[in-house]
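The next block holds one structure in the form of structure tokens; read it before the comments.
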Amino acid sequence: MARRPRHSIYSSDEDDEDFEMCDHDYDGLLPKSGKRHLGKTRWTREEDEKLKKLVEQNGTDDWKVIANYLPNRTDVQCQHRWQKVLNPELIKGPWTKEEDQRVIELVQKYGPKRWSVIAKHLKGRIGKQCRERWHNHLNPEVKKTSWTEEEDRIIYQAHKRLGNRWAEIAKLLPGRTDNAIKNHWNSTMRRKVEQEGYLQESSKASQPAVATSFQKNSHLMGFAQAPPTAQLPATGQPTVNNDYSYYHISEAQNVSSHVPYPVALHVNIVNVPQPAAAAIQRHYNDEDPEKEKRIKELELLLMSTENELKGQQVLPTQNHTCSYPGWHSTTIADHTRPHGDSAPVSCLGEHHSTPSLPADPGSLPEESASPARCMIVHQGTILDNVKNLLEFAETLQFIDSFLNTSSNHENSDLEMPSLTSTPLIGHKLTVTTPFHRDQTVKTQKENTVFRTPAIKRSILESSPRTPTPFKHALAAQEIKYGPLKMLPQTPSHLVEDLQDVIKQESDESGIVAEFQENGPPLLKKIKQEVESPTDKSGNFFCSHHWEGDSLNTQLFTQTSPVADAPNILTSSVLMAPASEDEDNVLKAFTVPKNRSLASPLQPCSSTWEPASCGKMEEQMTSSSQARKYVNAFSARTLVM
């Protein structure tokens, strides 16, 4: 069963048994004929009479049987109609003192919500009656005094704005219930307002000049911690509490004569304490009720901006100028300067502190120290930039859009280098406000040590890359013969000298190199004098090392390790450009030529060759069996 939402702590419109139980109100909607209608329609006189007869005949034990005789009602509806309206045992008269005392005791025991349980202890009363009796009469928080003119004015203004939403109006008047406000309006106030003009002339005449000038000056409230000698104007200065005084700035040109330094300008909607904010909002809404919607929108916008600023990191304390429109000329008042001097501006920011703030924590309220709620600015320049509330709203919208669109790009430029090969460990972007490039130094980044230095791709691609086999071969070569030596460069005939050296080395080692006149050298051909007929698929550079001009040269090493084996690269020439500017300048690295082996290779004996080459009878038999076994399977595609 649907419940009505709670509107007020004094509302009489909520109960877990709440249902439309109007006593014999037969003027409502009639159920449609021809189908079973289960909606909330008023009971007719005929239905009530029929329900009474059915209860007399069948009792109150089985409501489903009774509901079968009422085509448009459910068993729950029949039960509620009987228990709350038609039951002759119900007491509908006034409450006695004993009943009131019993309700008070039960509320203290069960609380002001379990009205069904409370009603079981009161014969003849239902939960709705107990609830209304408590909220309208027995609750000690309910005011029973006569209505004051201030309460009438609040009801009048709220009714103009909200209409007959009594639960909402009751929230503005603590101690008054929605039912009491409704009865007071219908019985007394409506006639006085509509016929006698009650509160209409007095409300316009009683509005102070502060409210009018307040609307002209864009909802700005000034707060100041004045020096002992400074005195605030006595007129138009309502005191909110005993600690801080809030006053209204009437005209921008008279600020310097009234306001001491420094001045904290607060946005009224969020930062002014609740009594002052309610009074200001009430004056603001007197002339234009539509402006309340804009005020609420600005509240949400301010709160969303503040939430986004909550995650901002601590920025370096620097004097810098804000780039936001409307704040570009504001300045911080310095305690060490005269009244006319000013320091550079401070932006809105989380944990952003300046040395010009007072050291005494009691000199400023919590709201003035709260981030994104106030700006500590000089007294003369802020009013020249912030003219009205709509301009301030546009500024906040600009900030909101700037945060959503520009922060990612700014942060990526500042936090991430353009070329990195190592991922950042544990890096987390917590800043949502835009950075200025002059504020964050790259040397101060927390993840600098985890970054690979950015290298230009053109430099990487200009030099030749050594394949992996050459790397292994070079490593073995350095172990045996030591590091490679670079030939000295002659300043005038470098290319000619290198060509002579390379030609001489190529004649000895069998490597032929060709050069281009206007380009980098390219290794064109490696001439192999002796090619092994038995090794076609092995790793040429890593495992087999050979050279020689005759058949007496040993081609394979049998017992010596790789480090002791000869290598083809012992007489090779590596060439690379010396710089990007000189394409024809070469670097040549040479290694002395290998010494020939002491003993030549011996031919294999006739008994050794069949055993070593797999020509024995057992070996050939096993090989043929293996081939038959493999050939028995059909070829298939290897799925990776």
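Using N, Cα and C of the backbone, Cβ positions are placed for all residues, glycine too.
Per Swiss-Prot, the features are:
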- 63-86: DNA-binding region (DNA_BIND)
- 115-138: DNA-binding region (DNA_BIND)
- 166-189: DNA-binding region (DNA_BIND)
- Lys480: SUMO2 cross-link (CROSSLNK)
- Lys503: SUMO1 cross-link (CROSSLNK)
- Lys527: SUMO1 cross-link (CROSSLNK)
- 35-86: domain 'HTH myb-type 1' (DOMAIN)
- 87-142: domain 'HTH myb-type 2' (DOMAIN)
- 143-193: domain 'HTH myb-type 3' (DOMAIN)
- Ser532: phosphoserine (MOD_RES)
- 90-193: region 'Interaction with HIPK2 and NLK' (REGION)
- 328-465: region 'Negative regulatory domain' (REGION)
- 376-397: region 'Leucine-zipper' (REGION)
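All protein chains considered, the CB of Lys480 (SUMO2 cross-link) has 14 other CB atoms within 10 Å. As a summary of secondary structure, the domain 'HTH myb-type 1' (35-86) carries 32 helix, 0 strand, 20 coil according to DSSP. In terms of DSSP secondary structure, the DNA-binding region (166-189) contains 17 helix, 0 strand, 7 coil.
In the predicted model, the DNA-binding region (63-86) shows an average pLDDT of 86. Secondary structure at Lys480 (SUMO2 cross-link), as computed by DSSP, is helix. Shown for the region 'Interaction with HIPK2 and NLK' (90-193): DSSP residue counts in helix, strand and coil, namely 67 helix, 0 strand, 37 coil.
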